[in-house]
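*Asks:* Would you mind keeping the following structure in view while I ask a few things?
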Amino acid sequence: MNGYGLYQDQSISCPGAFTGDAGVFFLALINTLFTKQCELGNKDNYPIDAGPSLVDNDSFDYIVVGGGTAGSVVASKLAKSTQNRVLLLEAGGYPSPTSDIPAFHLSLQKTIEDWQFHTEKSNKSCLGLKNGKCLWPMGKTLGGSSTINSMLYTRGSKHIFNSWAEKGTIGWSYQEVFPYFKMSEKLEVHELISSKQYGIDGILPLTRSRLHQPLRTTIFDSAKELGYKVSSHETGVGFFEALQTIKNGVRKNTAKVFLADHKILPNLQVATEALVEKIIIDRDLKIANGVKVDIGGSTLNLYAEKEVIVSAGPVNSPKLLMLSGIGPKEYLGSLGIETVHDINVGQNLQDHFMYPVLAVKVNDSAIKYFAQNPIEELYKYFANREGLLAYTGISNIVGFLNTKNHSGDANIKLNYMLVPREDSYFLPQFTKDLNFVDEVKNSLYEANKDSHLLVICVTLMDTKSKGKILLKSKNPHDKPLIYPGYLSDEKDLDLLLKGIRLAEKQIETRSFKKVSADLIYIDIPNCRKYKFRTDDYWKCAIRNVGTSGYNPVGTCRMGLSIDPNSIVNPLLKVHGIEKLRVIDSSVLPTSTRADVLAAAIMIGQKGAQLVINGYETIKNEFSTLK
């Protein structure tokens, strides 16, 4: 069984065969289904792999390292807006057919499309997970994490962007980045178009699920009972249905969307399975000249006449800088790496922290759509891109909450996932992805035997704790060491506990009583001495099974050169090194208090525009867009 109880293969023996017109129609049906299947993961949607044709000492105008969420946007914009020769280097391969199917997004973790990172052991967090480690999924494929994530598109708090600008990151206030959000967007939700809050002329489709479970009404009604605003779109504290990057039942990752014109862009080349090992830097002049890259086991030196742009993400961007001698001098020296520029690369790591297993039994009235007939669901999807596989359930329903009041910026996020009774796909995949031990898994499996489950994920978005990315060695093929610092600041533990209490209040509303909501006990071995639902139990549970909220930022922080923790300036140029920029979510000074997908795409748009405009001021650059 695989995917909502869908069979991986079934041997069917027919006693006879269709003949005549019936046979023709039957073959036409089969042909249609095969054609629809072949559309998924079709390499024709992506540029041809230029890796085999590259030779040592090849030269380009721009080299972009990382064909992920931001990197695909950067390379596309540079190639379309100029006649410059652009090379995009991606360490992973082409997205799989599975990645195109929205409902299967959980099954992409721990595959070749995932870097399969994990945290190092801590005495503060991840204590009750297998091996004491939290898993850190991150896309290793064209499109990066936009190819494996849940496709939620939320921008974040306007006040957060404005606070950066007030501290010196000129050009990054919300008013100034707003056009770069809209530049990509192609809103396809009719009732939101009049709000003018989203772009309609871009190429990134933004849609919402048309498959509404009864629990959607339950969640929104309960929010109203508690005094929260229920909005048609993201407006701050309150509940809403998030937009997603899905079109006609198919995921739209950034590589597929932004590199779609590759056939008419002869100045753009894309190489897959290309691991950049080092940035080639003139140590005397401190100028980035190119990259050293491993393509299919062959090491090439490739050169950039204008700039090297690092878009490898919040883990691999700092890793590459440090491997290239840009980082803390004493630390790099301990690994035998000669320092080119002494700067705090890899520090200031911030991530959302999530309690993922607030599980609630609900009755049959809570669920309308589930895979009663798996074969029928397969047919709906492959024939018409409809049905359960075309969506992500109720995971696009979001609650943004503030632990102090119903106003201000949200610091807690609630996400919801519905698990049908006797589920054979979601729970096994969910528990595997979160690295749960058997006791936690069994608590969920037992409850699911006779009940549908609503799983509420409570996420702290405004974490005070900070971590760091370090190198395991100077070998570029070694995975970096991730020390997220979760719960190193006790305030985070208290805030996430308050978030859980807010979720409990929702479960106890009249609306949830109508679906017989019953919060289940999760057997966490290290927490058995505490009474269920007490503060001590929840704090223990948070430390033991709390995990990444999948939105790390800050490891190549943007700021002024006088800030000892900033790595790039507001033009996204690396301090102290010429012809080198970082353009991805690692430059964000803090969390945007939302999923980072939208911000990463915006950074790609704005960063590429900064490159195109050369060395003009950000003020002049912005004025050209008005």
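Keep in mind that glycine also has a Cβ here, set from the backbone N, Cα and C atoms.
According to TrEMBL, the protein carries these features:
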DOMAIN    139-162  domain 'Glucose-methanol-choline oxidoreductase N-terminal'
BINDING   V276  FAD binding site
DOMAIN    313-327  domain 'Glucose-methanol-choline oxidoreductase N-terminal'
*Asks:* Where else in the chain does the domain 'Glucose-methanol-choline oxidoreductase N-terminal' (313-327) make close Cβ contacts, counting only residues six or more beyond its ends and a cut-off under 8 Å?
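*Replies:* Result: 65-66, 68-70, 91, 115, 117, 136, 138, 144-145, 276-279, 281, 283, 337-346, 349, 469, 471, 474, 476, 480, 482, 552-556, 567, 574, 576-577, 582, 584-586.
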*Asks:* What counts of helix, strand and coil residues does DSSP assign across the domain 'Glucose-methanol-choline oxidoreductase N-terminal' (313-327)?
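*Replies:* The counts are 11 helix, 2 strand, 2 coil.
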*Asks:* For the residue listed as 'FAD binding site', which of the three DSSP-derived states applies: helix, strand, or coil?
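*Replies:* It is in a strand.
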*Asks:* Please report the number of other Cβ atoms within 10 Å of the Cβ of V276 (FAD binding site).
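*Replies:* Neighbour count, Cβ to Cβ under the 10 Å cut-off: 25.
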*Asks:* Take every residue in the domain 'Glucose-methanol-choline oxidoreductase N-terminal' (139-162), average their pLDDT values, and give the whole-number result.
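*Replies:* Summing pLDDT over the domain 'Glucose-methanol-choline oxidoreductase N-terminal' (139-162) and dividing by its length gives 98.
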*Asks:* With DSSP as the yardstick, break the domain 'Glucose-methanol-choline oxidoreductase N-terminal' (139-162) down into helix, strand and coil residue counts.
*Replies:* 9 helix, 4 strand, 11 coil
